[in-house]
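Asker: Structure incoming, see below.
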Amino acid sequence: MSLLLTNTTIVSMDQSDSDYQTQPNCYIAIEHAKIVKIGPMQQCPTADYSQIIDCQGRLITPGLIDCHTHLVFAGNRAKEFEQRLTGVPYETIAKQGGGILSTVNATRAASESQLVELALQRLSALTADGVTTIEIKSGYGLTLEDELKMLRAAKQLEQHASIKVSTTLLAAHAVPPEYKDNADNYIRYVCDEIIPAAVAAKLVDSVDVFCESIGFNLAQTKAVFEAALSHSLGIKGHTEQLSNLGGSELAATMGATSVDHIEFLDEQGVKALAQHGTVATLLPGAFYFLRETQLPPIDLLRQHNVPMALATDFNPGTSPIASLTMMMNMGCTLFRLTPEEALRGVTCHAARALGLQDSRGQIRVGYDADLAIWNIDHPAQLAYEVGTPRLHSRIVNGEICHD
Ligand code: NIG
Ligand code: FE
């Protein structure tokens, strides 16, 4: 299988470029799902390609990467949304057994195929927005069986849609009712049984922990990371979302690919990310939906050259928003990112957050042929506009998809 894209305007997001220069009048040659040649149209190869697409000058970016989602779950939390509008805080709802645990009940009751069907509907909104790679977390099962069911459902999406899925085990998302007041025992169960079973079933790329007063403390977080590392899995954290427990620093020191949310991260934490090459993943959807006021330390992250990713955090409780370009807009309006930082956040830096920086997130020879072709004049339009249909088509695994 080979594909030749002609008359393209490339926005490569190559990390060596200081800004997103566009390169007009280019071709991109693809073979066996990899980019094999890029160059000016004057040097366009004439060899036989199974398919040639004239892009008519359209802008091409790397396929967008949504590097933090909870896409697989059943039920919804519209009632809780109403409750919060009457003034009940997220933490109070969680303590009353609502919040994450209400989604746990609905997800446990759903079959694997129901979970796939629900996730596919949500996924179609993301792919229509140019997403070609998605990270999906478990965390609404909280038993070995139900966590594995969620991960299998996440993996299955690759069979039903043109998408690459990176799976993350988030068994340490909340203390399940069976272990109420016994979080340490639950953590032992996660480390000794759930992680090894997920590894044996080849269902997991990374392990995540919700390190927070309504989640797990530092010692528990460390134990889960140690278990993950002993199986050579990647680690990442939901850290410093509602308070500063030091989870980001712990995660970075242990080699985390990313720490996510981080509204309450301080300079010491930022320095730890810089020192260990950990990506700061910003989740403006949750910030917006919970009407948070504490902004993530964007200027400090810039000063210390910490790569910033942006993701939807799509989930029923804090970010039921299935649009990654909407997150680019929110990253700019709420967090004052530049449109270029926002685009890096959903391409090269998002790839790094998933440990995929050597194959995805940039348009480069040798990289995977996962691309998004746009009906726009300037890349800043991706962050500037909301709700307008801008995608022309996606290239996934070297093949064109008209979503
Ligand atoms: O990323 N912070 C914890 N996890 C999710 C929320 C999950 C939920 O409320 O269902 C988050 O915001
Ligand atoms: Fe999340």
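Using N, Cα and C of the backbone, Cβ positions are placed for all residues, glycine too.
Relevant sequence annotations retrieved from TrEMBL are reproduced here:
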| type | residues | note |
| --- | --- | --- |
| BINDING | His68, His70, His238, Asp313 | Zn(2+) binding site |
| BINDING | His68, His70, His238, Asp313 | Fe(3+) binding site |
| BINDING | Arg77, Tyr140, His173, Gln241, Thr318 | 4-imidazolone-5-propanoate binding site |
| BINDING | Tyr140, Asn315, Gly317 | N-formimidoyl-L-glutamate binding site |
| DOMAIN | 60-384 | domain 'Amidohydrolase-related' |
Asker: Rank the binding-site residues His68, His70 by how many other Cβ atoms lie within 10 Å of each Cβ and give me the one with the fewest.
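Answerer: Among the binding-site residues His68, His70, the lowest count of other Cβ atoms within 10 Å belongs to His70.
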Asker: What does the structure give for the C-alpha distance between His68 (Zn(2+) binding site) and Arg77 (4-imidazolone-5-propanoate binding site)? Integer Å is fine.
Answerer: 19
Asker: Measure from the CA atom of His70 (Zn(2+) binding site) to the CA atom of Thr318 (4-imidazolone-5-propanoate binding site) and give the result in Å, rounded to a whole number.
Answerer: 10
Asker: How many other Cβ atoms sit within 10 Å of the Cβ of His238 (Zn(2+) binding site)?
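Answerer: Around His238 (Zn(2+) binding site), other Cβ atoms within 10 Å: 31.
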Asker: Filter the candidate list Arg77, Tyr140, His173, Gln241, Gly317, Thr318 of binding-site residues, keeping only entries whose CB is under 6 Å from an atom of ligand 2.
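Answerer: If the test is a Cβ under 6 Å from any atom of ligand 2, the answer is none.
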Asker: Enter the number of other CB atoms within 10 angstroms of the CB of Asp313 (Zn(2+) binding site).
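Answerer: Neighbour count, Cβ to Cβ under the 10 Å cut-off: 29.
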Asker: Can you tell which of the binding-site residues Arg77, Tyr140, His173, Asn315 lies nearest to His70 (Zn(2+) binding site) in space, using Cα positions?
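Answerer: So, spelling it out, the nearest of the binding-site residues is Asn315.
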